[in-house]
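Visitor: Got a structure for you, questions after.
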């Protein structure tokens, strides 16, 4: 990406918004919501989706100013650079091309002068062929039994994204039918409890293990891979590994050394960041093994639909751009540090944890892309739970405590509708009644005057008063098919990118995860030498020394 030492906060567009905040402080959502023309202008439709951001603390004037900020940040140019394969991940000198992972076969997207779409489809075709062999039973395990159970080993982006999609599809009628008789589990944590939970009830004879590590050196993933290799070889012998383990990796030498046939390794590329990799073999392979490639291809098409919308739609009607600009407004101008992601769909229970990583690992930065300290806050603390569970958990704080902008995600048609005779509404209507009510409750609140008219006792009025003026947006999906899941993923991926582009940071590196890894190496060496040679603790501060001493004295780890 072209470098510039100017910070976005030095621009007139940023300063204009800073001054505009004083006007917003005098405005309540109760008043903004009376303007029907404003509300209508804040409804956006695309490909079956409906976005309503009228409950944001933003008059039309605010949106105009945010669009000016997008121009000042050269957002159009930055989006083009991403799609054109320029090395916008400057600290690692890499392109950022997760959009190529779901591009149509005839698309042209170049990295370093080479069309990468053909490479992507070569891998997708290989996944399709392999998954069909496994699912049909033409590929069997070492003892001749079909491989109906899959454990995918990965961590971070190699785990959270595929788990989100898997959980979203489990109860989709088409996907459910395709997955009959099959299981897909995800192993991420090096805590041995996670291993134990994953292998409970599984037979090594019918289990296929997918090891996801680009370099085949990721510490946690490879330890878990060795653990499951031991589980397989103990039951079936060392030769069974080639039949029961495959890899998603580019390091074919280490794949072969591990005991996996390099022909059963599925590639991905340096221009795919881990948290953006769910549309690569990282996600497509395990998901295709569970649901069949045809279902997963619909997921890719949904994401591609949003990619094209993001690339070509004017900003005032561009869903990811509008969402990204509103997040910048909430974080950097209104001072809201967090965002609640609230899907009114149990099938989306793993969506917030995935977006938590996509957002916080991407935009949790303190310096500009040129290395300058930022004089403003970036990034959001993302969290969430499905409705209505969250209402009985943390909504109390959202309504009467800190102001936390909320994303409400609703589904028109339930994956698994239930209609009970004698009930006023269906189960899904009951759920969606809350989806429609909560944003208004946050926006309007309840005044002391209203409570007095309801004859609420004076001593309870302060406790039952709701300030309102709490921003939210609503995103309504027609249903939750594989296609819609792809749409939802891409909207949030691009929203995060827009925020980073406006803030002038690198949303595609993650140096913050490295320091802890380095320090863990020192601890690991100490644990090994203390357990095997009785070496005294050395080189740690008082606090860490005390904790390590207690751990070594009381843990029951065997001598190695």
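Cβ from N, Cα, C; glycine included.
Marked as N-acetylalanine by Swiss-Prot on the basis of similarity to another entry: 2. Sequence annotations record features per position, and here Swiss-Prot assigns active site, proton donor to 361. Taken from Swiss-Prot, the feature active site covers 392, 517, and the record attributes it to similarity to another entry.
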Visitor: I need the CA-to-CA distance for residue 517 (active site) versus residue 361 (active site, proton donor), whole Å please.
Guide: 15
Visitor: Can you name the residues of this chain that are 6 or more positions from the residue listed as 'active site, proton donor' yet have a C-beta less than 8 Å from its C-beta?
Guide: 156, 275, 510, 512, 513
Visitor: Have a look around residue 517 (active site) and count the other CB atoms within 10 A of its CB, chains all included.
Guide: 10
